[in-house]
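Chemist: Questions regarding the structure given below will be posed in turn.
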Amino acid sequence: MVRPTQQLHAVREPVPVRPAATVLLLRDGPHGLEVLMTRRSDYASFAPGAYVFPGGRVDEADSEARRIALRRRTQSRAQLDYAVAAVRESFEELGVLLAEHADGRPVSAAEVAAMDRHATADGAFQAQCTALGLRLSTDRLFTFCHWVTDRDLPKR
């Protein structure tokens, strides 16, 4: 056990853990596997200036968006909610939309550009996708691991 005199900061009450999803977007590149990352704003409340994978908290509306999500038989409802959040967050943060039309056609760059990346809260993301007849490609997302942010950090 660490002595109080050896602690780097005062003991604080742990904040509740919030469900969140992060997506690693991978592709084959000319020199091997490539991974897409983004740099957080220097003014962000969590990890300012850090290079990160896109992601964020699982919203209540993400479970409603299951209706337009493609699902593997092995995906639980919880995994599907995390996958929907990952798709939504990659769209919000990067403008990358992991979706397809109901007939399997890919979404065009023009369709993605016409969508509002800043209007995704409270079911607006699902509404935009539904208006275009899109299905979320959540069947192509796989759970890699499950982490919990350190209990001593002010945001979890």
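Even glycines carry a Cβ here, placed using N, Cα and C.
Sharing the features that TrEMBL gives for it:
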| type | residues | note |
| --- | --- | --- |
| DOMAIN | 16-156 | domain 'Nudix hydrolase' |
Chemist: In the predicted model, what is the mean pLDDT computed over the domain 'Nudix hydrolase' (16-156)?
Modeler: 93
Chemist: Is it possible to list how many residues within the domain 'Nudix hydrolase' (16-156) are helical, extended or coil according to DSSP?
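Modeler: DSSP classes over the domain 'Nudix hydrolase' (16-156) add up to 47 helix, 28 strand, 66 coil.
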